[in-house]
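What Swiss-Prot says about this one:
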- LYS141, GLU178, PHE179, ASP187, ARG211, SER212, ASN213: ATP binding site (BINDING)
- ASP248, GLU260: Mn(2+) 1 binding site (BINDING)
- ASP248, GLU260: Mg(2+) 1 binding site (BINDING)
- GLU260, ASN262: Mg(2+) 2 binding site (BINDING)
- GLU260, ASN262: Mn(2+) 2 binding site (BINDING)
- 104-287: domain 'ATP-grasp' (DOMAIN)
Amino acid sequence: MKIAILSRDAKLYSTRRLMEAARANGHEVQVLDPLRCYMNITSAKPTIHYKGKELTGFDAVIPRIGASITFYGTAVLRQFEMMGVFPVNESVAISRARDKLRSLQLLSRKGVGLPVTGFAHSPDDIDDLLAEVQGAPLVVKLLEGTQGVGVVLAETRKAAESVIQAFMGLRQNILVQEFVKEAGGTDLRCFVIGGKVVAAMQRRAKEGEFRSNLHRGGSAEPVKLTPQERATAVKAAKVIGLNVCGVDILRSSHGPVVIEVNASPGLEGIETASGVDVAGRIVSFIEQNARPHRTQTRGKG
């Protein structure tokens with residue numbers, strides 16, 4: 001097969017591993033910077049061009065689209081879909097996952113466990129919002145944040161009010177969530193491919209930090225998931241409509257709660273911690289599922 005990888009940098013670990021895995025199975029691979037792709041949006045013959053040449057003959061596309069280029073990246077992916085190329089993750093599903101509020105609303109509607117979460121626009125509603133999420137300590141999150149950036153732990157009510165007012169003053173959209181203290185600064189990253197959890201790791205925040213993201217200096221180790229945690233991860237991926245994703249879960253006193261569904265999860269941490277060839281599993285998924293014009297808009301909302 002001929003496989004395209006949408007990635008800004010061919011040297012990144014995840015991109016390199018996907019290239020290696022695909023080529024090891026005899027596939028032709030081309031890494032494309034999505035920002036260098038341009039499109040002819042025509043009903044008779046939609047096309048994509050890259051550095052002056054028309055892109056043709058691709059059987060599948062693997063989107064590795066960073067949060068900062070979601071709009072243009074998903075537009076390029078959508079054009080591949082219009083051309084009948086099989087997407088590992090569909091553009092609409094990536095858009096759902098990138099909108100934290102939308103994804104939480106969809107997960108809530110389907111009964112997936114979540115931390116108590118509030119959302120408001122007016123500073124006049126801060127008191128009521130804090131009451132809804134059971135007061136401090138609580139977590140304030142920027143809707144557009146990634147890799148732990150824009151996530152603040154407010155340990156007192158006064159601190160919470162100050163942080164929320166500051167973000168609102170900057171016209172930033174924020175979520176306010178309960179702080180799951182019993183998680184102890186750890187979370188679970190469950191890697192889902194084709195409706196199955198193929199690998200998992202437990203991430204632990206560094207000393208003095210509550211965010212367990214590896215980009216924030218956290219550490220990772222292999223972990224054994226409970227059946228309920230495994231089922232929660234699979235259901236979350238299905239609700240958002242992602243074939244390949246990382247589902248982040250906290251172990252709370254009332255069961256597993258999902259804090260994020262990542263549409264473009266990194267491979268280095270999960271492969272190192274679990275010892276699983278995740279890149280190879282993604283290529284196997286493509287081999288088993290890629291067919292022309294097989295884009296069906298999975299999930300709803």
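For all residues, glycine too, the Cβ spot is worked out from N, Cα and C.
Around GLU178 (ATP binding site), taking its Cβ as the centre, 20 other Cβ atoms fall within 10 Å, counting all chains.
For ASP248 (Mn(2+) 1 binding site), the same-chain residues lying six or more positions away in sequence with a CB closer than 8 A to its CB are ASP187, LEU188, ARG189, CYS190, VAL258, ILE259, GLU260, VAL261, ASN262. In this structure, GLU260 is the one among the binding-site residues ASP187, GLU260 with the smallest number of other Cβ atoms inside 10 Å of its Cβ. DSSP assigns ASP187 (ATP binding site) to a strand in the three-state reduction. Taken as a whole, the domain 'ATP-grasp' (104-287) shows an average pLDDT of 89 in this prediction.
A simple way to gauge crowding: the CB of LYS141 (ATP binding site) has 22 other CB atoms within 10 angstroms, across all the protein chains here. In the three-state DSSP classification, ASP248 (Mn(2+) 1 binding site) falls within a strand.
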